[in-house]
Amino acid sequence: MSRSAAASGGPRRPERHLPPAPCGAPGPPETCRTEPDGAGTMNKLRQSLRRRKPAYVPEASRPHQWQADEDAVRKGTCSFPVRYLGHVEVEESRGMHVCEDAVKKLKAMGRKSVKSVLWVSADGLRVVDDKTKDLLVDQTIEKVSFCAPDRNLDKAFSYICRDGTTRRWICHCFLALKDSGERLSHAVGCAFAACLERKQRREKECGVTAAFDASRTSFAREGSFRLSGGGRPAEREAPDKKKAEAAAAPTVAPGPAQPGHVSPTPATTSPGEKGEAGTPVAAGTTAAAIPRRHAPLEQLVRQGSFRGFPALSQKNSPFKRQLSLRLNELPSTLQRRTDFQVKGTVPEMEPPGAGDSDSINALCTQISSSFASAGAPAPGPPPATTGTSAWGEPSVPPAAAFQPGHKRTPSEAERWLEEVSQVAKAQQQQQQQQQQQQQQQQQQQQAASVAPVPTMPPALQPFPAPVGPFDAAPAQVAVFLPPPHMQPPFVPAYPGLGYPPMPRVPVVGITPSQMVANAFCSAAQLQPQPATLLGKAGAFPPPAIPSAPGSQARPRPNGAPWPPEPAPAPAPELDPFEAQWAALEGKATVEKPSNPFSGDLQKTFEIEL
């Protein structure tokens, strides 16, 4: 360098001699330079101010910490700050490789771990969220099958358990924050050992053994699981001492009661004291068996039924059932068979007035009157009135007198059903009689058209001729006959009814109460007014009745007889269907009452049993 510099003629730069580089320094010797003395002093000062890491000591060299963890687990105060990675389903119930694969799978998912606290006790493992304090995992020790630290990660720890609902093997994985996975695994092992020890002690203390047979299909248990004092041996020995003393002491018969002595009642003495003091221990029972507590006999005796409803205990109460539900032996059935006769009873309701025709009393009165008149014979047809009443006006039957209802009994509903059946049978008999009468009427009409002596209906009877001697024209009978094309006056006008009877149509879908009410209404209308049955059966003229004696042919004063009366023109037979349609057209439209219990209801249907 000096020769080149001299040759070039430039200024010479002083040469700097560098110290040799250390042996282990990388790079060429020119780059290895030492720091000045001030820089080395500052570096030493900086290192002195830094926190030095503690020297790593393996878990096997720290047995004193493991002993502290074991005591904390038994007391239930052992906890570790961890990060909960999650859980996955595994195929095997044990194996370190199974746990390591589960940790790798959870870390590969990229799921964020939850900062939490792992509590380890002899009862189970609990994972609590450090931020929200939520319980993430609550695992019983009995379901844990395997736990181990991770050989690849120092702070990883996993355990395998059995899921209670799905019966699958689940692996839960953790990362310890301050401790190692070995310490967490050791703490879980201590918890499992404490749980097993507690279980063995419990089985030993209860003294329960099971003897299986040769086929292992049945077993016989000896002993009892009941213990008086949880885990205190002093209390477990107390019952044995008391039983031994009671067996050794001679039994003394109780003497007569002293005047000042009060003997305890059986209710105040506990069943346990009875068994300990009075009865010796059976030979087949074990010492740990404790007799069951039974209620004293005084508390089991019935003190009496509820007396809140005194009417229910009376004889006529429908809710009083001393026997089982056998229809022939029920008190109501027996009473109905014995005292069904209607005696002088007090009517349960007053007769309805003129103003309350649409009240409930009207319906009840109608039902009770139909009951009382069910067995009475039907009254005869009302006589034809020949007074000032016009021919077109219907004859009004006398109003039915009020009749008191029968005595109320517990089997009221059954009596109602019997009455309904009786009314139905009576209707069937009346229908048969009506059919027979109609046949007789037709025969009589045919005979009347051929007979020499004409007859006419009672409604068209001529007025009786005066008895005195007179000479006058014969009575004009034809003026009272209706025209041949006009319906008779009795076809549209029904006595006692403002409407023609509707055809009997079986109705389906009504309640039993409606059925009973309809049957009673029809019974009350049919029985006092049998004349309306003829109109229901058909619009045929009434049977021919011979004329009154006063209207028969009498000799004239001069000896010549009266001329024969001309035969009336036979009324055309009307079809029942046409008669009903004509009556429906002539009937005035009446507003339907809004009250369903009113007495003037329109009968829209009728049940025929």
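The backbone N, Cα and C atoms fix where each Cβ goes, glycine too.
Residue annotated by Swiss-Prot as phosphoserine (from the set SER263, SER317): SER263. Looking up THR279, THR511 in Swiss-Prot for phosphothreonine, the annotated residue turns out to be THR279.
What Swiss-Prot records as phosphoserine, among SER224, SER324, SER370, is residue SER224.
Helix, strand and coil residue tallies for the compositional bias 'Low complexity' (434-446), in that order: 13 helix, 0 strand, 0 coil [DSSP].
Taking all protein chains in view, 16 other C-beta atoms sit within 10 angstroms of the C-beta of SER224 (phosphoserine).
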